[in-house]
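Structure first, commentary second.
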Amino acid sequence: MTLQALTPVNCAGLLQPGCSLLQLDGEILLFGQKGWPKRSCPTGIFGVRFKQSEMKLRAISFSNDSCYLPPLRCPAVCRLDPYDGLPESYLIHGGRTPNNEISSSLYLLTMDSRGCNRKLMLKCKEKELVGEVPGARYGHTMSIVQSRGKTACVMFGGRSYMPAGKRTTERWNSVVDCPPQVFLFDLEFGCSSAHTLPELSNGQSFHVAIAREDSVYFIGGHSITSDSRPPRLFRLRVELLQGSPLLSCETLDFGLSISSALITRTGPGHKYIVLGGYQSDSQKRMECNTVILDEKGIHIEHLEPPKWTQDIIHSRTWFGGSARDSCILLAVPTEGRPSQPDVHYFYHVSFQQEKESNEEERTQACSQESTDYDNSTPLEDSEELYFGREPHELENSSDDEGDTYNEEDEEDESQTGYWVKCCLGCQVDPNTWEPLYSTELYRPAMIFCSKGEEGHWVHAQCMELSETLLVKLSQGSKKYFCLDHGGLPYQEMTPPRQIIPVKRTPMKVKERNGSLMFKMSPAKKSFFKRLFD
């Protein structure tokens, strides 16, 4: 195992205690960043990249039919492996928002598509539950169980605010343990049911939950009522019968006294590594354990921890998450050192063997080299002007570093307006800007000037365009020049040949003013005269 220090590149302030790390389609995603999403990343989800000893973030886009996903802290996150033709996905429930509001929503996060140069685009949908619905909470767990060919989700534990009738001014933000109920709901119809078991008599939160087939194991956890972390270990067995499900619980003796632990999977089997956490409010748990689930049950073994640095040993808190199998991203605060510009120290803890680590590095190098200009599908010209996304998402889109988060891009939310690099004669003031077009909702419409090696963005208002022309340009296959580079749209492709329709004049019958007359020769007149006489 190795412990490597990481240098965050303009992203140290985004990782805060309570954030989550997800692994979707081979990428590591950061969820639950600081504050509300701003211009740098409207979706609030970042892709985490490790390159040598540096850590960088890049913005992740959502599909147009996605719902809004707030940056939740300490939610219940559950991974859904592909089954029944459904793709891999994540279930996200509850959590605290930066405004200290506790959520009760359930979200389903899946991959929508892979764009040019394998840029990931996600889809987020809010799922509704019916029946005995769990209330708002955080610090709880969700697990997937499979029994008799069926799949269901198990939710347990967590904390919430006091009921409305018991909250006072002095204790308005005081939290309590949620009742020790087990919620079971199916993913297809969203039917939820609550179950009370005698073995689960006390509420607990920030515990570890590991599932295998029809069994879920709850390890450790903290109880506010007793303010303790007893070495608890429960085995919950769920049988998904045809009628109502059958739940049974068993108390085991060899648990762990731990809370807020970090857990990572070591491979395709049910073998996990538990790292970190707390033994008490003022004491971190510096040990590591290997947890194995098999047909006989659960096995917990001691594992030699990494050689901790002095910063980790003397820190009061630490947090992080799983960054791929057998790897953990660990963060410790700098404890207010004025000489340290970043808020946290970051470390990459790897439990892989040296041979496996070298193979993974070679695989990552190959995947990075595959994103070449020649192998990627070029963007359509019509995609250069649109109102759905941020302009920075198109800049350097073929480069993996193009969407790297820059903390200097963050703006004060009290200021109205929007500012990017524009032409020299720009008249748009970001503090006094008012919408000019009906298509402008929260920011001015932009046009990408294609002149030059990199190009730049220009406000449509500075181009002196009408809204009709603005919409027309967004639907064409053209590239555009700003006033400094010509000012008129330049046709990049041969215009389609116009076929002039043939004008066909409708036939009209002339008006008859007199009697019908026939022209006949004198011989014919003589013949008809003799015939009728």
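Placed from the backbone N, Cα and C atoms, the Cβ positions cover glycine too.
The Zn(2+) binding site annotation in TrEMBL covers Cys422, Cys426, Cys449, His456, His459, Cys462, Cys482, His485. For 354-363, 386-395, the entry in TrEMBL reads compositional bias 'Basic and acidic residues'. Per TrEMBL, compositional bias 'Polar residues' is recorded for 364-379. What TrEMBL records for 396-413 is compositional bias 'Acidic residues'. The domain 'Recombination activating protein 2 PHD' annotation in TrEMBL covers 417-495. Taken from TrEMBL, the feature region 'Disordered' applies to 354-413.
Of all the binding-site residues listed (Cys422, Cys449), Cys422 has the fewest other CB atoms within 10 A of its CB. Along the domain 'Recombination activating protein 2 PHD' (417-495), the predicted structure has mean pLDDT 67. Within 10 Å of the C-beta of His456 (Zn(2+) binding site) we count 19 further C-beta atoms, all protein chains included. Ranked by how many other Cβ atoms sit within 10 Å of their Cβ, the binding-site residues Cys426, Cys462, Cys482 place Cys426 at the bottom.
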